[in-house]
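Asks: Take a look at what TrEMBL says about it:
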- 12-34: transmembrane segment (TRANSMEM)
- 54-79: transmembrane segment (TRANSMEM)
- 86-108: transmembrane segment (TRANSMEM)
Amino acid sequence: MSKIPIQAQTIGTATTFLAGGAFALGTFLLLAYFCIPEGRGLYGITRNNLIMIGLFYVMLMVVLHIIAFVMLVVCLIVYRQQPTYFFIRIGVLLLNIPVAIFYTYFIISIQN
């Protein structure tokens, strides 16, 4: 087994941190939605403002995750001697998709 170059390891680590950070911040936004009282805001942020922030956040994360996914696929093609390393990182990155769908569906369903 050959060693993965440091550039490819950096990309793998960065995408894993992106996935973990996106999950943590998304969960924080969801919990913040429930902590803000109905009708009045907390420090000027209302629930409607938080929904708009959350939608912008989801769109930004979709773009960043697509870029990270493409980078990992390119690394997988270039450094094909270590596919497991990149498949694990791709899997971690893709785990955020069902979480984001669930969080978005959950907020939409309680709004109606």
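Backbone N, Cα and C atoms are what each Cβ position is placed from, and that goes for glycine too.
Help me picture these features in the structure, burial and contacts included.
Replies: Within the same chain, residues 4, 47, 50-51, 53-54, 57-58, 61, 64-65, 68, 71-72, 75, 85-86, 89, 92-93, 95-96, 99-100, 103, 106-107 sit at least 6 positions outside the transmembrane segment (12-34) and bring their C-beta atoms closer than 8 Å to a C-beta of that stretch.
Counting same-chain residues at least six beyond the ends of the transmembrane segment (54-79), those with a Cβ under 8 angstroms from any Cβ of the stretch are 4-5, 8, 11-12, 14-15, 18-19, 22, 25-26, 29-30, 33, 86-87, 89-90, 93-94, 96, 100, 103-104, 107.
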